[in-house]
Structures are given as structure tokens and as C-alpha cells.
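As recorded in TrEMBL:
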- 30-68: compositional bias 'Pro residues' (COMPBIAS)
- 131-184: domain 'Pre-mRNA processing factor 4 (PRP4)-like' (DOMAIN)
- 1-102: region 'Disordered' (REGION)
- 265-306: repeat 'WD' (REPEAT)
- 307-341: repeat 'WD' (REPEAT)
- 348-389: repeat 'WD' (REPEAT)
- 390-431: repeat 'WD' (REPEAT)
- 432-473: repeat 'WD' (REPEAT)
- 474-516: repeat 'WD' (REPEAT)
- 517-558: repeat 'WD' (REPEAT)
């Protein structure tokens with residue numbers, strides 16, 4: 001059947017060819033078209049009608065000026081679009097010129113400024129800037145800029161020079177910059193040719209009095225003897241086979257773990273601000289915001305005498321290392337010296353603002369005071385004469401501590417800095433940067449090379465004076481640290497007081513917490529540790545004195561050297 005259909009299909013085609021050629025007289029048979037099945041065509045749904053330009057939904061931004069044109073069912077761009085495509089200057093996005101709102105302009109400007117600042121910082125980081133502060137000052141002077149700004153530190157001055165050089169480079173003022181470089185190179189070459197280099201001394205120094213010169217000589221003599229004794233003691237402990245430093249430290253730390261409250265006594269009608277033990281540990285002195293200082297007997301905290309004389313609140317109190325007197329500081333801008341029986345001896349006047357902390361020199365002959373007038377001062381205890389007015393902090397000076405040898409003094413203040421001063425020469429030998437908020441407490445370790453600071457950033461930092469950098473940072477409290485004190489004999493532990501109403505004992509070996517003293521009901525303002533390390537006293541805004549003891553009566557206390 002299929003063969004017949006194929007034959008029938010082929011025959012009409014041949015017959016059709018014959019008829020078209022017209023080459024035969026034979027009658028033609030009628031052509032019957034074959035019945036063929038239609039191929040299956042898949043169903044395609046009808047396309048949705050292309051909307052007219054008026055039916056286009058309104059976009060967020062205004063439409064371009066030339067909408068697309070519909071031709072023969074196809075969307076054709078405008079002539080400008082086709083021209084742009086042919087010229088290769090971008091596609092459809094480049095032809096759409098939207099109107100930018102004011103908010104978008106502000107955001108774009110902000111992004112451009114941020115990008116420019118980033119590029120400026122990258123350009124500045126690639127520039128070579130002198131590291132010597134004298135060279136930085138000289139370069140700033142050659143560029144016509146101030147050599148230093150008020151309160152500006154060395155690193156801040158160097159960053160200012162770096163950004164200035166980057167700005168000149170970006171503005172194309174390379175000639176000015178290169179001229180400054182050439183001047184510096186010429187001066188250096190001239191100094192090298194002459195065999196001597198010109199030195200510009202910054203900062204300047206002020207010539208002191210004859211009494212200050214004699215004081216520096218006396219301090220040098222005293223510190224040499226004390227340093228020699230300290231080094232002999234350290235060598236003996238290191239070389240003596242009978243000495244076990246680890247065992248001795250473990251014993252001291254185990255005793256510190258036994259600290260517990262022994263006595264609690266109301267100190268005054270107003271919050272207490274300072275406390276201090278006498279060198280023999282038999283008396284305790286406290287001061288308060290009433291301006292009154294009180295002496296208490298140990299260990300039962302019985303009031304012995306009351307010292308009145310300040311006209312404003314008292315800020316600190318401390319005993320002399322000689323044990324024959326004590327000194328108080330006040331917001332009335334004066335410090336006062338008292339006998340142990342409560343009689344007034346002399347006043348130290350000269351500060352221009354209220355006083356903060358005070359400290360005696362280890363020799364007992366000098367008194368150091370700090371003040372909110374941005375200075376700390378050294379006084380002669382015997383004569384009451386002001387020996388030294390020391391500047392250097394850009395903000396108020398708050399804490400002060402003397403080295404166990406008496407050769408150094410460390411000050412801290414609201415400029416977030418701690419500075420170490422050489423009392424024998426008057427130089428600032430170290431500027432300890434690390435705290436990000438004001439530093440309120442500072443204390444030298446008896447080992448002679450560690451220094452502890454605490455501040456409003458809630459941390460206590462341990463500094464190694466040999467390495468001239470921070471050794472360890474203790475995240476000590478949840479509020480600011482008001483006072484830091486090392487155990488006075490060997491420095492095996494240190495104690496911090498905080499406004500989070502706690503005082504904490506820390507190991508000086510690994511700086512781990514040993515004991516938390518949390519008996520106060522308000523912020524703790526000050527603390528002190530007795531000479532043998534057996535007692536800790538704290539005072540607070542809850543107007544109470546807390547006395548803590550190790551309560552280890554079976555073991556004998558550490559001997560005081």
C-alpha cells in the first residue's frame with residue numbers, strides 16, 4: 001500500500017512536468033492531489049500584546065526623553081541609542097539620564113570625600129617621614145607650618161607632617177616639597193662637611209635654683225646607696241641555694257588568698273577620699289570630703305586624733321617614711337604637714353588649682369604634690385620651700401609615685417599618659433602611652449623595674465622599665481580604677497581599687513586574680529597595704545573604712561628588711 005502511494009505521488013509530479021514542457025500529444029490524466037497527513041505542530045500560546053508607551057508603568061526615576069518605538073512587533077531603541085551602541089560608548093544604561101535627588105547628591109559627595117581621604121592616607125603611608133622629632137620640627141618649619149601645636153605629642157606631630165606632605169603631593173606642589181628636601185639635604189651636607197651638626201634643643205629647659213641643684217645631688221647620693229643595697233639583695237636571693245623565690249612567692253600569694261574583712265568602721269559624715277598606713281603599721285590615717293583627717297589605732301580602728309585645718313575637701317593623706325609626721329592634700333590648693341599628735345606644722349602653698357594625690361620621697365626629706373594646674377611639685381619638708389615645679393602633662397596631673405631607690409618619680413594624669421622623671425637630672429626619661437582614658441593610679445614595684453598604672457579605661461597596665469614598654473594589661477574592673485598599690489616589701493602582689501565597689505588582689509608573677517574584696521556599698525576611692533603585707537585598708541563613698549587581714553596566725557609574717 002505504501003509503495004502504491006509513493007508511485008501515485010511520483011506520477012503526478014512527472015505528469016505535471018510533461019504538461020509544463022508541452023512536449024506530448026497524448027491526453028493528460030486529471031491530477032488528483034494525494035491526501036497527506038498534516039505534521040503535528042506544537043501549540044504556542046499567543047504573545048501578550050506589547051504595551052504602548054502610555055501603558056508603561058511609571059519607574060521610580062523619570063523616563064528618558066526618548067521612549068522606545070514599537071515597529072512590526074519589535075522594540076527598537078531611539079536613534080540616539082543606536083548611535084551610542086554603534087559608537088561603543090555604552091549600552092542602554094549610559095543613555096538613561098536620570099535626575100539625581102538632593103539626598104543622592106549628598107551621599108555621592110560623602111562617598112567621594114571618603115574615597116579622597118582614603119587615597120590621601122594611602123599616599124601618605126607611602127611617603128618617607130623622619131622619625132626623629134627634631135627633624136620633624138625642622139621639616140614643618142621649612143614647609144611654613146607650626147612646629148608644634150598645643151598638647152601635641154611626637155607621634156601626632158609626625159602624622160601631621162605626613163598628611164601635609166601627602167596633601168602637597170596630591171595638589172601637585174612637588175616643587176615646594178622637593179625644595180624642602182633639598183634644603184634639608186644641603187644643611188645636612190654642610191654640617192657633615194664642617195664636622196659638627198647643628199642641634200636644636202627642644203624643649204627648652206629652665207634653670208633651677210641653687211636649692212634644687214643641691215637637692216638633685218642629695219637625691220643622687222641617696223639613690224646610689226639604695227640601688228646598691230637593692231641589687232645586693234636581689235643577687236643574694238638569686239645565688240643563695242637556700243633561697244627559693246618561687247616558694248616564697250607562693251607563700252605570699254597563698255596568704256593573700258586568705259584576706260577577709262576584720263573590721264568595718266564609719267570614718268566620717270561624708271565620703272572618704274584617702275587612707276594611709278604608718279610605716280610600722282600601728283596607725284591608719286583617713287581623710288574625707290569634710291576636709292578633716294583622722295588618725296586611727298591598729299588593728300581595732302579606734303580613733304586617736306582629728307586634724308582640722310583645710311578649708312576645702314581633703315583629697316589625699318600619706319605618712320612619712322620616717323614615721324614622724326604625715327601630710328594631707330586638699331582642694332584649697334594647699335598641702336599641710338602634721339605631727340602624729342594632731343598638731344599643725346606647716347603648709348605648702350603655690351599650686352594654682354586643687355590638689356589630687358601626694359607622696360613622700362623614700363628619704364622622707366621631700367614631698368611631692370600633684371594638681372589640676374597641670375604640674376606636680378617637689379617641696380622641702382624641713383623648710384617648706386618649693387624646690388621643683390615640673391611641667392610636661394598637657395592636662396591635670398593626678399597620681400604620683402617615687403621609685404624605691406629615690407632616683408625616679410612617675411606621674412600620671414588626665415592626658416592618658418604616665419611619665420617617668422629622673423630626679424637627678426630633671427629629664428623626662430619615659431612617656432608611657434597605652435591607656436585610652438585618664439590615668440588615676442600609679443605605683444612602683446619594690447623590684448625596681450615594674451610600674452603599675454590604672455585608669456578610667458578599667459584596665460591596669462604593668463610596664464617594664466627595662467624594655468620601655470607595656471608588659472601586661474589586666475582587664476581588672478568593670479568601672480574606673482581609682483588606686484593601684486604594690487605590696488611594699490617584695491612586690492609579690494598588687495591591689496587595685498575601683499568604682500565598681502570592689503578591690504582586687506593580683507599576682508605579680510602572672511597577673512592573675514588572687515582575691516576579690518567586695519564589702520563596700522559604694523565606689524572605692526583609695527586603698528593602702530601595710531608594710532608586711534598582712535593588712536589592706538580601703539575607704540569608700542559609703543563613708544566606711546574596711547580593714548582586711550590574711551588571718552594566718554599560724555604562719556609568721558614576712559620579715560621586713
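Note that Cβ sites are derived from N, Cα and C of the backbone, with glycine treated the same way.
Keep in mind that TrEMBL annotations are predicted by a computer and have not been checked by a curator.
Because the structure is a prediction, the values reported are computed rather than measured.
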Selected stretch (most C-beta pairs under 8 A with the repeat 'WD' (348-389)) from 265-306, 307-341, 432-473, 474-516, 517-558:
307-341
Using DSSP, how many residues of the domain 'Pre-mRNA processing factor 4 (PRP4)-like' (131-184) fall into helix, strand and coil, respectively?
38 helix, 0 strand, 16 coil
Going by DSSP, how much of the repeat 'WD' (517-558) is helix, how much is strand and how much is coil, in residues?
0 helix, 19 strand, 23 coil
Count up the helix, strand and coil residues in the repeat 'WD' (265-306) according to DSSP, in that order.
0 helix, 24 strand, 18 coil
Intrachain residues whose Cβ lies under 8 Å of the repeat 'WD' (265-306), provided they are six or more past its termini
312-323, 326, 328-330, 332, 338, 340-342, 357, 522, 525-532, 534-535, 537-545, 547, 549
Over the span of the repeat 'WD' (474-516), count residues by DSSP class, listing helix, strand and coil in order.
0 helix, 22 strand, 21 coil
Any residues 6+ beyond the ends of the repeat 'WD' (517-558) with a Cβ under 8 Å from its own?
251-252, 255-256, 258-277, 279-281, 284, 286, 288, 296, 298-299, 301, 316, 479, 482-483, 485-490, 492-493, 495, 497-505
